[in-house]
Every structure is written in structure tokens, then in C-alpha cells.
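Since the structure comes first, as C-alpha cells, the remarks are kept for the end.
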Amino acid sequence: MIRIGLRDARAHLGRFAMSIVAIALGVAFVVGSFGFRAMMNDQVAQMMATNADHDVYVRGTDRTDDGDDGSAAVSASGVSSSKYNPVATDLTGTIDAVPGTEPVAVTYAVSGLVLVDGAGDPVSTMGSPTLGIGMSAEHPWRAATFTAGTYPSGDGEVALHEFAARRAGLTVGDTAKVVYDDGPRDVTVSGVFATSSAQAGAIILGLDPATAKHYSDLKTSDPTTTDAIGVYGDANGGAPLTDAQQRSLADAVNAALPADAHAHAVTGDEYRAEATSSTQDALGFVQPLILIFAAIALFVGSFIIANTFSMIVRESMRGYALLRSIGASPMQVFATVIVQALVLGAIGSALGIGLGWGMTELIAAGLARMGTPLSGSAAPSATDALTGLAVGLMVTLVGAAMPARHAAYAPPIQAMNETVNPERPVARRGAAGAALCVLGAAAWLWIWRIAAMDGVPTGVPALDGFAAWTGAGWPLGVGAACLVVGVIVLGPALVGPAGTVLGWIPAHVFRVTGRLAARNLARARRRSANTAAALFVGVAIVSCLGVIASSAKASVNGIVDTGLKADFAVMSASSGRIPQGAEDAIRAVDGIKSVSANRFLFGAKFDGERVRGMTFAAQDTLFTDVFAPEAESGDANAALRGGQLVVGKDIADDRGWKVGDTVDVSTENTVVDEDATRKAAQDYQDQVAARIAQLQTELAQQTAARQVAAAQQTAAQIQQIGDEARQVDQSRFVRTTTRRVSRQVTVGAIIDNSVYRTCIIVNDALGDELGTKETMVTMAMYLAAEPGQDLASLETRLREAVRPYYVVSVMNRDDYKSTMGSMVDQVLLILYALLALSIVIAIFGIVNTLALSVSERTREIGLLRAIGTSRGQVRGMLGIEAAIIAVFGTLLGLVVGVAAGVVIRATYAADGLEVLSIPWGQIGLFLALSVLVGLVASVSPASHALRQPVLDAVGDE
Amino acid sequence: MGRHSAKGVREAKARDDRGIRGADDRGADADPVVARAVDLVRTYGDADSLVTALDHVNVEFRRGQMTAIMGPSGSGKSTLMHCMAGLDAPTSGRVFVEGLEVSAMSQRQLTDLRRTRIGFIFQSFNLVPTLSAEENILLPLEIDGRPIDRAWFRRIVRVVGLERRLSHRPSQLSGGQQQRVACARAMMARPSVIFADEPTGNLDSRSGREVLGFLRQCVRDYGQSIVMVTHDPRAASYADRVLVLADGRITRDLDHPSYEEILDVFAGDEDPGTDDGHGADDAHGTDAEARA
């Protein structure tokens, strides 16, 4: 029996092509999604091993949630890891004294830099950062090996990672520019280094440690602390330590650390594992998205297989009848079909695994092309491959099971009969589906109501309490699940009415073919509905996201059109900070009526607590020249002028503040203690002077005693100490102190502008009292032109003014809109790619369903042809059938997707989705496209139907 | 006959341009021969295993007559009908319907021929299952986009006795009713000739008589030309003329034979399977195969 099955499988291989493709696609998505995830994880792990390559890390002991400190705390790995309290930088001395350590120093990293190549163009990356890392011969970065040149010294030199050098076209000795926070600086390339793993597109610069420290200190509120101190052990002569060695070194360091330092040493492996998993979790969202499409592909695949096997079984029924009549058991006949399914599943899965691998490689290659080289392995692991194989086989078996059963148990005579057995009624299934749909719709109505009524849906306390308890996320998800499953279950019951309604137009335009097509759909409701379901899910996802994207865009445009009064906005592309020089240059441009600079105030506490949002200082002109206030209560303009707080509505609601409330605003700033610093430097000088005086006394004695050798040695020592004292790093003596400022401020106004909803705004005078120059960075500037100015020429002058700063961009109102718009467009691009995928899968499904339908209707089509139906009419009939299926699925998807979009928009209106915008054009396009999809899908089955000679079709044998 | 509305004329003209409606309409001075085969040969298979289904057949089917083609299985009677109707292409020789050479037609011309000149009644599976009886009857006209002659429709429906069954689907009709719907459909388009392939083969004798009676009536009352292939001597006895085929040749040509005459032909030759219609072909087929 198995031999017959295998032989049949070989004979039917051509017929299996479509099933194999479907299975391969589904498995490819599964394997690809796992593979992509694994590749990213591998990449992250590799980068961690390279970029956080110390053997031991000393970090804080207490977990903190002060992540929004704004200290731009970026470790050498480029991963923010300020989950622990910072440790004092002067612990390096203590750690250095521990035996077995290489010289210890804090590795300072500077983010938000821009490298400008020789031609004056910034070296751009695909969203990856440009990082400067302090390194020197005394304090090297072990994972980096110089391929040319050497370490940079002084702030006029940089070393480049080979990727950065290649991108910028720079080699050792070339001159380039680096844009620091305070402006661009000319530098010479001192060397080029390589790292073992690719850096995922990051541009990495090696800086002199002093330079790195200088710019790192500028960004942090407390230069005397750092997130972690990395320690290299010297046990292996410069090679990384083993885990045990790391362990013992960490123990030794811990023993040396003072108890009050709040510091703790962990092994490098532990540190890396922690950082790796947190980064990997952040990337985890990609996989479920791909898996949804894998599920669609496999769902379609399983019924393509069911259809294919139904056809094969019907055609082979005489053969099975013969087998049965010579004594084969039903089980054996079943086996011959299942063996074919296994062969099919195995081939499809194997192809799919290869395809998935290829897809991952392709993505990696695409990323590399776009400037994000990855060195993570794209090869699927054995587990991934086995998962793919198992999924593929399972889907095939599920698909083949029913036809195989039919082959085994159907009486042969019935199987030879052309008439299709009437379908089981779909009413009960329809009722279950409808119930699910109602449930889902109710869940969505509920949260829509919550959103519309501002969180108080009914006024009945118990129900309102329930609303608050569930929140919006759960009902949204449950509703979506109910509706999607509900529609799929309900589908067959909808096919009949849908055929009538959707078939109305074709039935009136093409009288006969249209009517025949519409009625044919209702003959196999389940099959028609399943075919449409593939398109339904894909279109639902895409149209839902389409509504959200379109609403986001419309909301931004709305803000700009109605609220923004400024003519230009100025932003910085790097770390968000606008260099002082650029700010000054802009202020100097002619034709500007007013400049508003928003300076962020980090770490402000209100009544002793942080708020969920940001605090910034602005000029009095903010509400007259930048955004018109949408005051919920109070006069925002007067409040700002009067030194009161202007609070965003969300924060006010959160804290229960009303206009007139008095709030204690406090900041803690670490400032340089000038006196202590001067004293420390003085102490050092005094020490040196005393030592030199002592040595000079010795020298005099030695000279007197004619001890020539000893005297020469002492003289050299004096010389050396003097030199050291002159070259000493002055920053060693910086002493800081914490300055606490506290003010009682009245809430002057609560505003509802969407851009400021999570902001607290103070005026400059209050801001300067609360913050320091170092911590208050200008993040955004808004310019209003003088009346009558030619905006175009003013824009040109502004751009000219900021050109030397490279990273500062001047945006006019349209640019400002499109910065948001282009982000949305990128999201849409991905959506369209997904849509294209689901369309391809859906076409397979429709082609297959039609092919089965045509094979069932061979005689009927022959009859139609015999009584004068033209070839074109047969094609038309099948085209209309396919188009109705496609439009049916698309319509269902659009209804559910748009409804989801509307509900989600209403729920998250406060997060930048004030305006509902349904992209009607897009929806129309989807519908038109679906008609096209149907027509395209019908071409091949129609050709197949027409190839059949009329005589064969109507012949009685 | 026929509505000569402006539209009808225009459409008729359009068809002329397509080259099918070349012959005159059925009129008093029409050619007395409605369909004709000249030196028709049809072989199957390759040189090693050549089967000659039709062996240089020359035959004329006369207008306004019912002609029955009889013969044992494998005698070529079905092949003859298929070639005459343009369902099968002859190996050599020519076939004319209304003076148009069917054997030289393109697919497009064949489609038009089927729409305007030829009606079909098959042994089974005559109706489109998704359409009601009425829709099935009107289907040929609708496919062609021709105006529907309601008076003619009512007359036909009355003759076949389906007035109360028009809205039923084929699955709700008995076999005899289904065959009567098929007859009505064939008549509706008023084709030059109706080809009926064992129209009573699947029916009980009473239903078979009804169908044959209707066909007879069409010939008598409306001058319809019908060519019918059958095994059944009783069915053949309804015909004006009976052709007997054997081994791809016409061996007998009987004019208005009685049932007994037909039986005699077979008695002298072979056992016709005198079973009363139903199941006759099976018995006969087995016989023919046994002889072969």
C-alpha cells in the first residue's frame, strides 16, 4: 500500500505543485521568523561580547527606576543600562589596587556624535547611533585591534572603526569633522581599528579618554559617577578571562570595595547575559508579526491541500474501488493517500526551510546594503528546522485527512457520481460565529464608549469600576480575537447572501455568467468562505493599521494647521540637543520676530515625586508665537509670564492638580564645588612642592657627599615629579557638591494641546533657578518670522546659518508635518509588503479553490459549452466567481479592520490620534485590487476548464 | 416565426457578418437537407491500434423530420452524431449544417453555431444545477443575449407540461421532468436541428414515452428537425426515418418503419435487446462487447 502511495505521489507531483508552494511559504515564514529572531539574538550577543568585553563590572547595588534622568547614561556597549544606582568614578583607584587587574579607568562613551567625511557630508546610518568611546594605549579596548595607525591623542584626533572608515571613505592621516554637542571640530584620523563582530551599522569613533570624558561629563548631571566601571584582568596576558577567573577577580574586587560605596562587582559574563537578554526582549516584537502571516499561509496551505486531495481522490476513485474490491481494507486505502500527503508535506517543508533561511539571509543582505551589516548567523538552528518540518507535516496531514477518509470509506459507486454531495447546513456554525462576532463587537463598543465618555462609560459605579479594572487593552484584544474567529466561523453562512449582494452588479452587467457565478459560490460555502478568509485576515490587519497611520498623520497635520503659529521649527538630528553655537547663529539671522527655545529641565520633582512626562523651560512667547494654548482652565499665557506652572492635562489629571494649587518644585543638581576643587588642586601642588623640597634637600646632601650616581638619580626624580605635576589632569581635582533647589509654585493653567499634554512648562527665569546650564539643553526651537518677510529666503538664510553644525535641521511648516508623515509612510511601506504577501497567498488559495470547483463541474461546463457558451463567457463566469470571493474577503477584512482602527484610535486619542481619518482612497484601492486579484486568480483554472474538450465533458462514459 | 424587431434584425445582421448566419432562414424555399455528411471518416488511436469509428459515411438529414440512428455499441452512431454537431472533429470528410461547413469551423464559429443552429439533449446531466427549470430553458437565449419570445416560451412549457415546475431546481425534479426541461431548452432557441443522444436512456418507459411524444410533436407541429441516437427500438419507432449503423457504416435506411420492422432488422442481424427501453443499452452493450 505504501508503495502504491509513493507511486501515486510521484505521478501526482505536478498536481501537488501548488500545495507544495503553499506549504513551503508557510513553513518559510515560520522558519524565517525564528531564524530572524535567532539572527538578531546572535547579533546582540556577539555585539555584547565585543562591546562589553570587560572581565568584571563594578556597578551599583540598588536597583533604581530613575531611567528618565536624562543623564544620557550610555555604556560602552551603546545600551543604556542605568537600572542600578551609579557608582563613584573615584572607585577606580581602589579597584586598581586589587592584584590581577590591568590599569583601571572609567570608559567614557559619548553618544549623539556626527562624523563628517572629507567632502563635508555627514556619514548617515540607518537609525544606528554614532558613538565615541574613550581609548588609549594605557586603557585600551580589548576587543578592538588596530589595522592601521594608533590611538588618538588630544581632541584633534580620532580613531575610526573600520566600518565607519569605509563609510566615510577616510584613512589614517585624513582630516574630517566630528560634530560634538558644542559644535563641529576638525580632527585627524589617527588610526583604524576592527572589532570581531559587525556593529549593526553603528559608527564607532575612538576618542582620547580625556576628550571622551569631557563630552560625556557635559551630558550628565553628575560627572563624578558612572553606570559601571569595567575591569580587565591580566591573568591571561591580555586574553579574556575564563568564567572561573572572572569569578575570583570579582570576589577580589568586592573584597576591596568599601562598604559605603553602594558598589558591587559582577563577572563580565553575568553582565553581558543581563544586557543581552534585555536588548533581545526589545527586539522580540518582530516575530509575532511574521508568525501571523505564517499562520495565514499555513491556513491557506491546509485547505489548498484539502482541495488538491479532494480532486486527486475523486479522480483516483476507480483505482481505490479496485483496491477495495481485491481486498484492501479502508485503512490501507487511507494509508495510500496519507503517504502521498507525507511526501508532499516533507518536500514542501524542506523547501520552506530553505526558503525561510534564504529569506533571513536576504533580510540580512538587505540590511547590510542599507548600512546595517550584521554578523549574526542567519542559518536556522536544528530546532527551528525541525519545528518547520513538524508544522509543515502537520498541516499537510490535517489537510489530507478528510479526503483520505472519503477515499477509504465512500462507496465506490457514489464516488464516481458526478453530483457533489450537498453540503452540511451552515446555520449552526453561522449562529456560533454570529455570537462570537456580537461578543467581539460588544467588547469594542464598550471600550469605544469608555474612550468617548472619558473613562466613565455608564455612570453606574459598579460598571465604571469594571471599566477601570479591565482597562482598554484587554477588551480590545479579546474583541479582536472574538471578531476575527467569529467572522471566520460565520463566513460560510455569509457566502450565500454575499453572493447575492456582490453578484448583483455582475448579474446585471453579464446576465448569465454573472448569475451562474454568484450561485456557484453558494454550492460550497465552506470552501468559498475559507478561501476568502485568507484575504480577510490580511486585509483586516493592513486596513486597521492603515486607519491608525492615516489618523496619526491627520492628527499631526491638524496640530500644525490649527495650532502651530511658528514659521519654522529647529531640531537636532543627533542626541536631540541643539549646540549653543547653532542657537546663537539662528538668533543672529535677520528677519526673525521671535525665537522660542525649549530647554529641558531634567530630574525635576513635584511635591517630591517625578511626573510622568517632561518639564521644560520656555520663553513668554511660547503661547503667542509657537502654539496657541488650548486652555482647559486658567490663562496659560498669563501663567507663563507670571512664573506659574503650565501643566499638561494628562499630568494634571494624574496628580489631581487644579489651577491655583501650590506645588513644591525641587531639583537636585550636582555642581562643581569651586572652593573644594581649588583647594584640592592646591593641596596637590603643596604636596608636590613639599616632595620636591625634600628631594632637593637630599640632592644637596648627596652632592655634598659626592655620591654622583645617587645625586643624578635624585635630580631625575625631581625632574619627573615636576613634569608630572605640570601635566596632571586637572579634572582629577574636580569636587562636586549637590545643590538642592526648592520653590513653591502655583499651577497657573492646565492646557490640552496634544503636544504638551504630558509636559510641565515653566518660564526661563524659574527654569534658570531650578536647573543648571549643563543640565538644561535646548531640544527644540521655534521661530516666528517678522511680518512681511519672504519665508523662502529666510529659510535659505536659516539653513545657511546652521550648516556648519550638520545635525541641526530647519523645518518649515510642511517639513514639520512630513517628519511625522514620513515615519508613517515607512510604516505603511511595511504594511504594503505584508499586504502583498497575503495577496500572493490568497491568490494561491483562490486558484486552487477554482481548480477544484472546475474539476467538480467538468460536465456542467461542458454542457454550457455545448449549448453555446463561448470561451470568453466561461472565463468570465470563473473570473466573476473568483472576484466575488476576493471582494467578499476584502470587504470583511475592511469592515473589521477599519472598525478596529476606529476603536483603537478612540482609545488612544490622547497619544497623538486626535483626528480620525479613514483612508477612503486606500480602501477603494484595496477593493479594486481585490477584483483584480480575483480575475488574475481565475486565469489558470479557466484555461484548464477550457482545455477540456466539450465532448469529453458531456460524454456519458 | 421570430420577432423582427429592429434589434433582432441588427443582431441577425451582426451574426451574418460573423459568417454563421449565411444560409436563409427556415422558409418555404429552404434546402430540404438540414445537415449532411460527405465521405466522413473518424478514426481513433495511432497506427498500431487504429479504431475506425466512421468509415466513409455519406448521409443527409432531411428538414422537418425526426431521424433515429441505431446500432450496437461501437457501431459509430454516437461518433456520427458528435461529428455532425461539431463536438468532434472528423479525421477526413466534411460536415454541413444548413449549408455551413461545420468541419472547418473555428472555436468561435462553433460557439455561434451551437447558439443559433443546433440544440442538444443528452442522456443525463442536461441541466445546470444552480439554475431553475425556467432559467435552464431560457439559458441558450440568454447566453446569446437574444430577446426572449415569451409567447413561444409559454407554448413550449405547456407542451412539455412543466407550468407548475418552472421555479424548481433540477435536483427537485424527477428524471423525466429533467429531460422534458432539456427538450424545452433545446426547442426554445428554435435551432435548425436538435441532436438528441439517448434522450430516454435513463428514463422509465412512461417518462420515455412522454419525452418522445414531445419530440414527435415538435416535428409535427413546428417542423423541427431532430437527429436522435438510440438503442431502443421503441424510441426509434417514433422516428420518420431510422438509420442503422454497424462497424462505422450505414447498413440500413428505413423510412417510417413500424416497431415490428425495426425489431425485425435486429432479429435478422442480432439480438436488439427487446427489453422495454430501460436497461436495454446495458444488455446490448455487453452483447456487442462479447461479440467483438
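The backbone N, Cα and C atoms fix where each Cβ goes, and this holds for glycine too.
In TrEMBL this protein carries:
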COMPBIAS  A:70-81  compositional bias 'Low complexity'
DOMAIN    A:292-411  domain 'ABC3 transporter permease C-terminal'
DOMAIN    A:833-949  domain 'ABC3 transporter permease C-terminal'
REGION    A:59-81  region 'Disordered'
TRANSMEM  A:12-36  transmembrane segment
TRANSMEM  A:289-313  transmembrane segment
TRANSMEM  A:333-357  transmembrane segment
TRANSMEM  A:385-405  transmembrane segment
TRANSMEM  A:426-447  transmembrane segment
TRANSMEM  A:478-507  transmembrane segment
TRANSMEM  A:528-549  transmembrane segment
TRANSMEM  A:829-855  transmembrane segment
TRANSMEM  A:876-900  transmembrane segment
TRANSMEM  A:920-939  transmembrane segment
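Within the same chain, the transmembrane segment (A:12-36) stays apart from the transmembrane segment (A:528-549): fewer than three Cβ pairs sit under 8 Å, each pair at least 6 residues apart. Contact count against the transmembrane segment (A:478-507) (Cβ pairs under 8 Å) is highest for A:426-447, out of A:289-313, A:385-405, A:426-447, A:528-549. With respect to Cβ pairs under 8 Å, the transmembrane segment (A:528-549) is most closely packed against A:289-313, considering the stretches A:289-313, A:385-405, A:426-447.
Nonlocal intrachain contacts for the transmembrane segment (A:426-447), taken as residues 6+ away from its ends with a CB within less than 8 angstroms of a stretch CB, comprise 457, 467, 472, 475-476, 478-494, 525-526, 899-900, 903, 906-907.
Listed by sequence, the residues of this chain that lie at least six past the ends of the transmembrane segment (A:385-405) yet keep a Cβ under 8 A from its Cβ atoms are 19, 23-24, 26-28, 30-31, 34, 298, 301-306, 309-310, 312-313, 334, 337-338, 340-342, 344-346, 348-350, 352-353, 356.
As a whole-number mean, the pLDDT of the domain 'ABC3 transporter permease C-terminal' (A:833-949) in this prediction is 84.
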